[in-house]
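Colleague: Questions regarding the structure given below will be posed in turn.
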Amino acid sequence: MNIILLGPPGAGKGTQAQQLVKERGMIQLSTGDMLREAKASGTEMGKKVAEVMARGDLVTDEIVIGLIREKLEGEKGGGFIFDGFPRTLPQADALGQLLADCGERLDAVIEMQVDDDALVERITARSTCSGCGAVYNDKTKPIPADGVCINCGEAKEFVRRADDNEEALRNRLMEYYKKTSPLIGYYYAKDMLSPVDGLGTMDEVKAEIAAVLDA
Ligand code: AP5
């Protein structure tokens with residue numbers, strides 16, 4: 001089964017993708033994580049995208065489609081969770097073609113609905129394990145008192161993302177409504193869209209997603 005987790009910044013896409021990886025053995029393909037890895041490794045592409053990401057703008061379709069193409073060629077067998085991709089109509093068209101090229105298809109698009117106030121609150125309280133990328137939240141999922149990550153069992157640093165500030169977030173939201181939200185109509189027209197209330201607790205959201213996948 002190949003699915004898209006669609007939703008604004010802070011909707012909980014990464015959090016729920018990590019659950020699906022753990023519980024269903026699916027493969028998370030997060031373009032945000034791929035771009036942050038490129039940035040950290042100091043590649044030419046990483047340098048090019050760093051400023052764009054810090055502003056909260058979208059990276060070019062060409063770059064992110066290239067990243068997804070590479071991953072799909074390297075990973076066999078499907079079971080992909082597309083987290084943060086596609087984000088534009090050309091990316092959605094490209095994904096359909098890339099999946100068809102490797103004999104796969106898209107099974108569901110889960111739209112995680114969360115209002116803007118909750119998004120800002122969540123993102124400004126987020127931190128991530130620098131070892132495994134597990135996502136924490138000062139209010140809803142605090143970092144363990146002993147500093148050991150629940151997911152990887154390591155005492156790594158817990159970091160805040162460079163684009164998790166109010167100004168970049170405002171821009172990320174604008175980009176979402178302008179360029180990504182048209183995908184809701186795109187997948188609705190293909191009868192693939194399943195809206196999920198992303199405002200519930202993490203377990204409630206997980207149960208709603210499970211109900212869609214098991215249906
Ligand atoms: P990306 O890394 O994809 O960021 P994003 O889409 O802005 O989404 P986030 O990772 O911020 O949020 P999330 O929905 O995963 O929420 P999370 O689970 O962490 O992209 C970053 C940048 O890369 C973009 O701005 C762009 O520049 C570039 N980029 C990436 N992909 C691209 C593409 N395809 N095209 C072009 N450019 C691209 O949860 C957030 C917080 O809330 C956490 O603290 C979590 O613990 C908490 N939380 C989660 N669920 C709940 C819940 N149910 N209740 C309470 N708290 C919750």
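Every residue gets a Cβ built from N, Cα and C, even glycine.
What TrEMBL says about a protein is an automatic prediction, not a curated fact.
In case it helps, TrEMBL gives these features for our protein:
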type: BINDING; residues: G10, A11, G12, K13, G14, T15, R126, V135, Y136, G200; note: ATP binding site
type: BINDING; residues: T31, R36, D57, L58, V59, G84, F85, P86, R87, Q91, R161, R172; note: AMP binding site
type: DOMAIN; residues: 126-163; note: domain 'Adenylate kinase active site lid'
type: REGION; residues: 30-59; note: region 'NMP'
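Quick one: how deep are these features, and who are their neighbours?
Modeller: With a cut-off of 8 Å between CB atoms and residues at least 6 apart in sequence, the same chain places R126, S127, T128, C129, P142, I143, F158 near Y136 (ATP binding site), listed in sequence order. Secondary structure from DSSP puts Y136 (ATP binding site) in a beta strand.
Neighbours of D57 (AMP binding site), defined as other CB atoms within 10 A of its CB across all chains, total 17.
Cβ atoms under 8 Å from those of the domain 'Adenylate kinase active site lid' (126-163) belong to residues 10, 14-15, 18, 33, 36, 53-56, 169, 172, 201-202 of the same chain, restricted to positions at least 6 beyond its ends.
Averaged across the region 'NMP' (30-59), pLDDT for the predicted model comes to 94.
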Colleague: Cα-Cα separation of G14 (ATP binding site) and V59 (AMP binding site), in Å?
Modeller: 19
Colleague: Using CB under 6 Å from any atom of ligand 1, narrow the binding-site residues V59, R126, R161 to the ones that qualify.
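Modeller: Listed by sequence, the hits are V59, R126.
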Colleague: Over all shown protein chains, what is the count of other CB atoms within 10 A of the CB belonging to G10 (ATP binding site)?
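Modeller: Summing over all protein chains shown, G10 (ATP binding site) has 26 other Cβ atoms within 10 Å.
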Colleague: Ten-angstrom check, please: count other Cβ atoms within 10 Å of the Cβ of T31 (AMP binding site), all chains counted.
Modeller: 22
Colleague: Determine the minimum-neighbour residue: among R87, R126, R161, listed as binding-site residues, which Cβ has the fewest other Cβ atoms within 10 angstroms?
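Modeller: Result for the binding-site residues R87, R126, R161: minimum number of other Cβ atoms within 10 Å at R161.
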